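Annotated features, as they stand in TrEMBL:
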- 67-150: region 'Disordered' (REGION)
- 71-86: compositional bias 'Basic and acidic residues' (COMPBIAS)
- 101-115: compositional bias 'Acidic residues' (COMPBIAS)
- 141-150: compositional bias 'Basic and acidic residues' (COMPBIAS)
- 176-198: transmembrane segment (TRANSMEM)
- 218-236: transmembrane segment (TRANSMEM)
- 288-308: transmembrane segment (TRANSMEM)
Amino acid sequence: MREYYIRREGDEDASGPFDIDQISSLIEANKLDANAYFYDIESESWLTISSNEELMETLFPKKRKLTLRTQESEEEKKRLAEEEAAKAAAAKAEAKAEGQAESETEGAETEPDDAEAAKASEAAAPEKPAEESKKGKKKKGEPSEERQKLEVTKMLALAEGRADDPSGKSPREKQAAVAFFGLRFLTLFFIASILAMGYIEKDLVMTADAIAMAKSPYIVIAVIDLVITLTLLLQVTEVYPLLRFRAAVGAGLLTMLFYSSGDTLLLFSNLLLMGAIYFSSAIIKIRFLIACGITGVLGILGYVYAFFL
């Protein structure tokens, strides 16, 4: 990349070398302008940046005004063109009428009154369409503000990805709504997990032996789930990676424990619940969230059936 030595107007010493990106940064910081000098190796002289078209296009690109072409704007342009054409035709007809009136007055001087009457009627004729066009302008000018509002709404909708439905929700708002329901599902799943782990060790919990409870993997998992549930109630979504880790560990550890104890129904219920927790915290699409919600509810029903039926 080519580099340049830069010297501002009035400075005796030059600074550099700078590449194009560095010079652009200096210009954005208002430390350089188009009147600054750069050393041209080819001519071996100091030239202003404004004298070099290539540098000006790179460092000071022309700003283009972006406009949104709509059907209303095209109709407005067409209407203005038709009005201009109507005005030109009316002026031409008026000039032609005046020429005919003058020729008639010169050829027939005996009838000045009739010529003046004809001239007055012909001159008044183009005034009517002019008045009608003014009225039409007023009527068509009334919804101009509404058109501008519609254009602004459409431009904002395009910027937010809502081109098909400008009045609807943006993708971010939809994702936020889905994430909100996902948070509620996760809270429900972890509360169910706490109750299930506590019910498995209900006899130990009733003894209130802290040392014995600390040795039980079910009680330890229930305590971890309790902490996670509190963070979910506070809507701390930053713990989602921890939720997925908890679901993976729970799926592996509890599956081994349930398999060794021969509790097949608890094993499958745990797998369904852990799978629902994992994917509910990883995917924020409404279809997947509904599927995860159904899966988690099936896991909860499996626990209920195993414990009470």
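Placement of Cβ uses the backbone N, Cα and C atoms for every residue, glycine included.
The shown structure was predicted, so the numbers you read here are calculated from the model rather than taken from an experiment.
Through the fold, the transmembrane segment (176-198) approaches residues 169, 205, 218-219, 221-222, 225-226, 228-229, 232-233, 235, 237, 243, 250, 273, 276-277, 280-281, 284-286, 289, 292-293, 296, 299-300, 303, 307 of its own chain, all at least 6 residues removed from its boundaries and within a Cβ separation under 8 Å. In terms of DSSP helix, strand and coil, the compositional bias 'Basic and acidic residues' (71-86) has 16 helix, 0 strand, 0 coil.
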